[in-house]
Each structure stands twice: as C-alpha cells, then as structure tokens.
Amino acid sequence: MNSTSFSQVENHSIFCNFSENSQFLAFESDDCHLPLAMIFTLALAYGAVIILGVTGNLALIMIILKQKEMRNVTNILIVNLSFSDLLVAIMCLPFTFVYTLMDHWVFGEAMCKLNPFVQCVSITVSIFSLVLIAVERHQLIINPRGWRPNNRHAYVGIAVIWVLAVVSSLPFLIYQVLTDEPFQNVTLDAFKDKYVCFDKFPSDSHRLSYTTLLLMLQYFGPLCFIFICYFKIYIRLKRRNNMMDKMRDNKYRSSETKRINIMLLSIVVAFAVCWLPLTIFNTVFDWNHQIIATCNHNLLFLLCHLTAMISTCVNPIFYGFLNKNFQRDLQFFFNFCDFRSRDDDYETIAMSTMHTDVSKTSLKQASPVAFKKINNDDNEKI
C-alpha cells in the first residue's frame with residue numbers, strides 16, 4: 001500500500017466482512033465527495049432498513065416465542081434466522097454507513113474487532129438456518145416415513161451452527177487492527193489523529209485463501225444445496241398433485257403445503273439476490289481492485305451493501321405476507337395487547353415434521369368424518 005499518496009486503505013473484501021471494505025480517501029479532489037442529496041437519500045434508506053429490520057424481526061421473534069402452538073421445527077429455525085438478521089441490523093448497518101462516509105474509524109478498538117466478527121457470525125448463522133429449514137422441508141415431503149427432525153434436533157442444529165459460525169469468524173478477532181498507519185505520511189490537518197480499521201493478515205495469499213473459503217462456505221455452497229432440496233421438493237409435489245385424488249381435504253392440504261414452501265423458498269431466493277451484488281463487488285475488489293474507480297468506490301459499495309442489508313427485512317415480510325396468523329398476531333403486538341392462544345381462529349398449515357401426513361393406507365381405511373378429524377389434528381399452527 002502506498003501510504004504517501006494514500007489512494008486506498010487495505011481491502012476488507014470478503015463476503016462477510018462487508019462493513020470493513022476498504023475506503024478510498026480521495027482528498028486530492030472534491031469531485032470524489034458524494035453530493036449532500038445523495039448522502040441524505042442513503043441515510044434515509046439505511047434508516048428505513050434498520051427500523052424495518054429491527055422491528056420486524058423483533059416482532060416475529062416475540063410472536064413465535066409467545067405462542068406455544070407455534071414452536072415447531074421450522075418456526076424455531078425461523079426465530080434463529082430472525083435473531084441473526086437482528087444482529088446484522090444492529091451491528092452492521094449504522095457502523096458501516098458512518099465508516100464509509102467518514103473514511104476513518106471512530107468507534108474504538110473493541111468495536112473494530114467485534115463489528116466484523118459479529119457480522120461474519122450472523123451471516124453464517126443466517127445461511128445455515130436456511131439450510132436446516134430446507135433439510136426439514138425435504139424430510140417432511142420427500143421422506144415422510146424416514147428420519148424426521150424434532151424440536152430437540154432443531155436446538156442441537158442451531159447450537160452446531162453457532163459454533164461453526166464463531167470458529168469460522170475467529171480470524172477477524174485475531175487479524176482485525178485499528179491503526180493510523182495509512183495517515184502517518186499525510187500532512188493534511190484533517191487526517192491527523194485519524195484511525196482506520198481493517199484486517200491485517202500475514203500475507204495476501206492467507207487473506208485470499210480465507211476469503212475464498214468464506215465465499216464458498218457462506219454463499220455458493222449452502223445456496224446450491226438449498227436449491228437442490230427445493231427442486232426435489234418441487235418435483236415430488238408435482239407428481240403428488242398429478243396422482244392426488246379429488247378429495248377436498250387433500251386439495252386443501254396440498255394448497256397449504258405449496259403456499260408454505262413458496263414462502264420458505266422466497267426467503268432463500270431473496271437472500272441470494274440481495275447478497276449477489278455485494279458478493280460480486282467484494283470478489284472483484286479482492287482480486288483486481290484497480291477495476292473499480294477510486295471516486296466511485298464508496299457509492300458503489302454503499303449501494304451493494306444496502307441491497308444486501310435489505311435481506312434482514314425479507315424474513316418478516318415474506319413470513320407475514322403469506323401467513324395470516326402472523327398478520328393477526330402482529331396487530332396484537334403493535335397494539336400492546338396480551339398474546340393468547342386462539343385455537344378457533346388459527347388457520348392450519350402443515351409447517352412442521354412434528355405432525356406429518358398420515359399414510360395412504362390409513363387414509364383409505366378412514367371414513368370421511370375420521371379423515372377430516374385427522375387432518376384437523378395433524379396440521380401445524382404457525
């Protein structure tokens with residue numbers, strides 16, 4: 001790094017280390033400064049995402065935890081996903097926005113290390129929560145008579161995810177540094193006593209190896225696995241619909257199963273789409289940062305980062321849009337009313353492996369009245 005001209009601070013260009021992505025300090029020309037109107041617009045956008053991310057995920061967590069009948073495998077994993085999104089909204093958005101605009105770190109050494117560490121942990125937890133949800137849906141639909149995860153399995157899976165996330169993020173606690181090194185040869189008064197926060201790996205090869213590993217661990221690998229699971233689910237449901245008899249209850253259950261699968265798949269697709277621009281930006285910058293013009297770096301990074309952060313709002317939006325129970329409970333939540341079980345009002349949706357479809361043999365032997373009772377008893381409430 002050329003500290004004399006100081007055209008850039010060292011890069012933090014990995015998928016999870018988005019908030020510490022290198023800042024270009026183009027103090028030689030005012031042309032590189034963002035217009036006030038653009039800064040104001042970005043501030044409003046970031047503020048809106050923070051508010052939606054925090055309130056939406058907090059409401060979703062509170063509603064699911066308060067309603068005992070909603071504590072099934074899928075909803076437990078949804079709570080874990082929302083909690084990780086909540087951490088990202090709190091620990092990432094405000095710090096990243098301020099750091100990118102100011103081009104120097106003002107939050108102290110402890111936050112310099114904790115900020116990227118917590119962000120990396122949160123994103124790892126988010127993507128692997130989606131993996132576990134895909135596995136749960138796969139077993140429920142593809143192999144209903146085989147092994148099916150229960151609530152205890154979900155808690156164990158969540159614990160394993162957090163351990164994996166913490167271990168894979170440890171390099172940020174080790175190599176993240178707060179230093180004034182880039183400013184030591186700068187004579188401008190505006191940059192005196194200023195610090196930057198970035199990762200200082202032993203070598204570029206170490207950094208590139210680690211960032212490439214995280215790219216596969218946090219994005220491409222899990223998403224490929226998830227889409228394979230949902231593709232198999234789609235094929236099975238399509239065959240089941242073609243073979244399904246014309247019983248109204250069967251058609252109702254099939255419709256509800258399809259709706260909940262669309263909701264879960266939509267969350268995955270939104271995650272992949274939101275994170276794609278920042279993933280491409282970081283990958284390109286990691287391997288050939290000269291491609292990105294100095295004056296366009298901060299604006300381009302903020303736009304990519306803001307798009308990625310929208311993913312923190314997706315979970316409660318899709319969950320609420322496709323779940324009438326959540327919409328009703330959300331009204332109670334914002335009206336500060338007590339949550340209470342409303343068995344008569346809840347729609348029934350086969351969300352969890354805790355209560356799966358009864359076998360075809362038992363359905364054939366059951367009378368229409370008994371069949372309807374089985375359906376009502378076996379469907380999950382979310």
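Counting starts with 1 at the first residue shown.
Each Cβ is built from the backbone N, Cα and C atoms, and glycine gets one as well.
Swiss-Prot annotations:
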LIPID     Cys337  S-palmitoyl cysteine
TOPO_DOM  1-33  topological domain 'Extracellular'
TOPO_DOM  55-75  topological domain 'Cytoplasmic'
TOPO_DOM  97-115  topological domain 'Extracellular'
TOPO_DOM  137-153  topological domain 'Cytoplasmic'
TOPO_DOM  175-210  topological domain 'Extracellular'
TOPO_DOM  232-259  topological domain 'Cytoplasmic'
TOPO_DOM  281-298  topological domain 'Extracellular'
TOPO_DOM  320-382  topological domain 'Cytoplasmic'
TRANSMEM  34-54  transmembrane segment
TRANSMEM  76-96  transmembrane segment
TRANSMEM  116-136  transmembrane segment
TRANSMEM  154-174  transmembrane segment
TRANSMEM  211-231  transmembrane segment
TRANSMEM  260-280  transmembrane segment
TRANSMEM  299-319  transmembrane segment
Looking only at the recorded stretches 34-54, 76-96, 260-280, which one has the largest tally of CB-CB distances under 8 Å to the transmembrane segment (211-231)?
260-280
Looking only at the topological domain 'Extracellular' (281-298), what is the mean pLDDT?
78
Hey, does the transmembrane segment (299-319) touch the transmembrane segment (34-54), meaning at least 3 C-beta pairs closer than 8 angstroms, sequence gap 6 or more?
yes
